[in-house]
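Trainee: According to TrEMBL, the feature transmembrane segment maps to 26-47, 53-72, 93-117, 129-146, 229-250, 271-295, 311-333, 354-374, 506-528, 540-561.
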Amino acid sequence: MEQAAGCPAVGGSYPQKNAEILSSQYGINLFLAGLLLTFAWAVHAVGISKSHLLSYLITLMLIQLLWMLWYLCRSCTQRRLIRDKDTHAGARWLKCGITLFAVITLILDSFKIGYYIDFSNCLSPTEGIFPVTHAVHTILQVYFLWCHAKDVIQSFKTLERFGVIHSVFTNLLLWTNGVLTESKHQLNEHKERLITLGFGNITIVLDDHAPQCNCTTTTLCSIFSQGIYYLYPFNIEYHILASTMLYVLWKNIGRKVEHHQQNKTPFKFHGITVGMIFGLMVLTSTIAIVVVYLIQIGGSRIKSELALTMFYLHAIFVLALMCTAGIIALLIYRLEDRSLDNSKNPARKLDAELLVGTAAGSWLLSWGSILAIICAQGHPKYTWYNLPYSVLVIIEKYIQNLFIIESIHREQEKANDDIKTLRIVTISRGSTLSLTPLYKEVYNGRAARDSGDEPCLFKGSICGRENDGAGVAKEETFQDNSLVMHSASDFSFYGRNSVTNNKRRILKNIAAFLFLCNLSLWIPPAFGCRPEYDNGLEEIVFGFEPWIIVVNLAMPFSIFYRMHSAASLFEVNCKT
């Protein structure tokens, strides 16, 4: 009978599992088709133009728009129904972050529209339709994520799986398109700078997709064309964040959620002054280094070498500080005895997997640089700074990943049980009196003591006790013994609390410092400060084309790692 009763439940899971497999395969094929179109356009394949790629992306965005509108309309008609929510998904700070990136993405779309208007005589109509469609897609998608990122879908599950996974891979393709466009621009600038470093044996062929006609207003065209590439890093981060939030929504479809109240963990500046000050110092110095680097690199051979040396020294110093901070945090964790939260959590699992997966991008570049330094026959002076820099990049990410993953898996600290139950033992005339007051009495006693008034319990007397007929000497002895016992217990409790608070304060400062450091290290590669391009040594050892391919594949993951680490560290700071 038990087996028969269990059969429907087991059998009922098969259609949902099949729907999950089918939808994931649909999404992968969707992505691979778009990836091949993007690659064909990048290598100037015969018969493939940019308009074909943009038409494909426009179609995918329109399909997603129709699905989101259908989902929003259905949600409005079912407003009165109580729905399951995943309290771990779609944190408010994450929604605020994606909104900020979306606003800058809308500015990018307006620049593209202006660029199309100025070159409308020789550009395909799809290049004007794409930014308009993308702007509408961005606005509706941000609204959708704000309202429904926490949803645990329990109806129309098969259809919703296809809709959500379509949205995931649409954003991944838009991310890929942005990465490729920005990488081609960086590669053109890199080729022009190589001559100043003396690498004249490398053939300089610019891969340019510039329009073959004159601009109607030269000044505006220059502003639009240059501004677009400075805004692409924010567009890239927007799409990868959107795809991760949608992926969590897809994993939550049909999931059984445990109904328990999630403690809110707001961000507070109190107690993290030291970490914020040091982090802001790193951020300010990094911005200054990037500005000087972009001005100096490519000016002359001497200026380029000085710019590279300056970058490496600054990065070595920052990475060493981050390694030290991470080691201190891990040592504090080793001194604590707190259990880990191993409950099922798709958002937390995805965070951990993304940290390790995207770190592999910068590890690949670092190992390439280390091998190039070891194998190269000639070594310009500035290239030797690349060795400690590459080693520290590997170590720092290793330590930081351990710290973040352990932090997001640690259970939040609960109220100390020592204050809940207080036992007073008083020996008087060979007898033992034991009292266990209520938690409310003790709590009120602590509140009264904080305000300067000792409650009757801590004065050595017991409120409402029944020994009114006892003598004065007995009462004084009882009061003295009780006071001593309470003083020792209270001192021990506050001593433990003080140590715990100090550990928490140190951890919060470390998290705040690492948060700002990761933002600082996101800025250089995102805005064109890439010594992996300008060093030149790796291109001699591995060859120009192979090394450029490696950099173009690994760099987007390295850039995303820093932003994702910053987001994770923000969450760690809130939870600590």
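From the backbone N, Cα and C atoms, a Cβ is placed for every residue, glycine too.
Show me how these features fit into the shown structure, please.
Mentor: Counting only same-chain residues 6+ beyond the ends of the transmembrane segment (26-47), those with a CB under 8 A from a CB of the stretch are 53, 56-57, 60, 162, 165-166, 168-170, 172-173, 176-177, 180, 184.
Residues 123, 127-128, 130-132, 134-135, 138-139, 141-142, 145-146, 149, 216, 220-221, 224-225, 227-228, 231-232, 234-235, 237-238, 241-242, 245, 267, 567, 570-571, 574 of the same chain, all 6+ positions outside the transmembrane segment (93-117), place their C-beta atoms under 8 angstroms from a C-beta of that stretch.
Listed as Cβ neighbours of the transmembrane segment (129-146) (distance under 8 Å, sequence separation of 6 or more from its ends, same chain) are residues 54, 57-58, 61-62, 64-65, 68-69, 71-72, 90, 95, 98-99, 102, 105-106, 109-110, 112-113, 116, 167, 174, 238, 242, 245-246.
Sequence-remote contacts of a segment are chain residues at least 6 beyond its ends whose Cβ falls under 8 Å from one of its Cβ atoms, and for the transmembrane segment (229-250) they are 23, 86, 89-90, 94, 97-98, 101-102, 104-105, 107-108, 111, 138, 141, 145, 148-149, 151, 153, 161, 164-165, 167-169, 171-172, 174-175, 178-179, 181-182, 185, 346-347, 350, 354, 526-527, 556, 559-560, 563.
Beyond the ends of the transmembrane segment (311-333), by six or more residues, the same chain brings 278, 282, 285-286, 289, 293, 382, 385-386, 388-389, 392-393, 395-396, 399-400, 402-403, 406, 410, 503, 506-507, 510-511, 513-514, 517, 520-521, 524, 529, 531 to within a C-beta distance below 8 angstroms of the stretch.
Residues of the same chain lying 6 or more positions beyond the ends of the transmembrane segment (354-374) and with a Cβ under 8 Å from any Cβ of it are 244, 383-384, 386-387, 389-391, 393-394, 397, 401, 404-405, 532, 535, 537-538, 540-542, 547, 550-551, 553-558, 560-561, 564-565, 568.
Under 8 Å from some Cβ of the transmembrane segment (540-561) lie the Cβ atoms of residues 179, 183, 187, 199, 202-203, 233, 236-237, 240, 354-355, 357-362, 364-365, 368, 371-372, 375-376, 397, 522, 525-526, 530, 532-533, all in the same chain and six or more residues away from its ends.
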Trainee: By a Cβ-Cβ criterion of under 8 Å, what residues six or more beyond either terminus of the transmembrane segment (271-295) are in contact with it?
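Mentor: Contacts with the transmembrane segment (271-295): 307, 310-311, 314, 318, 321, 505, 508-517, 519-521, 523-524, 527-529, 573.
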